[in-house]
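**Q** Please see the structure below; I have some questions.
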Amino acid sequence: MSEHLTVVDHPLVQHKLTLMRDKGTSTAVFRQLLREITLLLAYEVTRELKLTTRHIETPMEEMDAPILAGKKLALVSILRAGNGMLDGVLELVPSARVGFVGLYRDEETLKPVQYYFKAPEGLKDRLVIAVDPMLATGNSSAAAIDLLKEAGATDIRFLCLLAAPEGVARMKEAHPDVNIVTASLDRELNSKGYIMPGLGDAGDRMFGTK
Ligand code: URA
C-alpha cells in the first residue's frame, strides 16, 4: 500500500463495516456503527501527531512524560455526511477545533458546488483532518482540500470510510501531500458515481432521508 493510502484492516473495523454495508441495518445502528468505526480510524489518522514532554510528578516520583505538542488539531466535516464522523473523532480528541465545508455534488456533472465554508483560526499551525465517509469521484474531496489550503492549511489528512480507486487517483493527482485513511478500498464507481459494492448513499443512510 502506498504512503498516500492507508487501509485499516483491523478486525473490529472490518466487522463493523460489514454491518454498515448491509442494507437491512437501521438508521440508528448505522449511525452508531459509523461513530464507533470512526473512533478506530481516528486512532490511525492521528498516529503521527507530534509529542513533547511535560515534567510531572506521579505518586511515586517525578518524570518527563509525553504529551501532545503544538496547536489543537482541526477537524473539518465535509457536509453533510462528514457530520456522521465528527463524534467518533471528538471522542478521541475532545479538544479538536471543528470546521465545515459545504459542497454538494451536481448529479449531472458529478462536479462539486460550494455553499458553505467555516474553518477554525490558525489552520496553518494545525494538523487538519478532513472527514467524509465516501471518497467516490474525489471531485468534492479535492475541492474541499483546495479550500482548506486556500485558508492556510499545510498539514492535511483525509479520513473516510470507503474509497473508490477513482477517488484515490483523483486525490493523488490533485493533492499528493494529503494522506488518506480508510476502512476499505472498494472495487469501482458505477455510472452514477456510487461506490461498488459500497453502502449506498451515506447521508441518506445515517439521516434516514430515503
Ligand atoms: N456518496 C455516497 O453517499 N455514496 C456513494 O457510493 C458515493 C458517494
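Just so it is clear, glycine is given a Cβ too, placed from its N, Cα and C backbone atoms.
TrEMBL feature annotations, pasted as is:
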{"type": "DOMAIN", "residues": "7-209", "note": "domain 'Phosphoribosyltransferase'"}
{"type": "BINDING", "residues": "ARG80, ARG105, ASP132, PRO133, MET134, LEU135, ALA136, THR137, GLY138, ASN139, SER140, ASP201", "note": "5-phospho-alpha-D-ribose 1-diphosphate binding site"}
{"type": "BINDING", "residues": "ILE195, GLY200, ASP201, ALA202", "note": "uracil binding site"}
**Q** From the binding-site residues listed here (ARG80, SER140, ALA202), select those whose CB sits under 6 A from an atom of ligand 1.
**A** ALA202
**Q** If you count other C-beta atoms within 10 angstroms, which of the binding-site residues ASP132, ASP201 is the most crowded?
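**A** Max Cβ neighbours within 10 Å, all protein chains included: ASP132.
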**Q** Taking 10 A as the limit, how many CB atoms besides its own sit near the CB of SER140 (5-phospho-alpha-D-ribose 1-diphosphate binding site)?
**A** 25
**Q** Grab the pLDDT values for the domain 'Phosphoribosyltransferase' (7-209) and give me their mean, rounded.
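**A** The predicted confidence over the domain 'Phosphoribosyltransferase' (7-209), as a mean pLDDT, is 95.
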**Q** I'd like the Cβ neighbour count for MET134 (5-phospho-alpha-D-ribose 1-diphosphate binding site), meaning other Cβ atoms within 10 Å of its Cβ, all protein chains included.
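**A** If we count other Cβ atoms within 10 Å of MET134 (5-phospho-alpha-D-ribose 1-diphosphate binding site), we arrive at 27.
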**Q** Identify, in sequence order, the residues in the chain of ARG80 (5-phospho-alpha-D-ribose 1-diphosphate binding site) that are 6 or more apart from it along the sequence and have a CB within less than 8 Å of its CB; answer 'none' if there are none.
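**A** The list for ARG80 (5-phospho-alpha-D-ribose 1-diphosphate binding site) reads GLY102, GLY203, PHE207, given in order along the sequence.
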**Q** Do you know which of the binding-site residues GLY138, GLY200 has the most other C-beta atoms within 10 angstroms of its C-beta?
**A** GLY138
**Q** Under 8 Å Cβ to Cβ from ALA136 (5-phospho-alpha-D-ribose 1-diphosphate binding site), same chain, six or more residues apart: give me those in sequence order, or none if nothing qualifies.
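**A** Within the chain, ALA136 (5-phospho-alpha-D-ribose 1-diphosphate binding site) has Cβ neighbours under 8 Å at ALA164, GLU166, GLY167, LEU189, GLY193, TYR194, ILE195.
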**Q** Compared by Cα position, which of the binding-site residues ASP132, MET134, GLY138, SER140 is the closest one to GLY200 (uracil binding site)?
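**A** That would be MET134, the closest of ASP132, MET134, GLY138, SER140 to GLY200 (uracil binding site).
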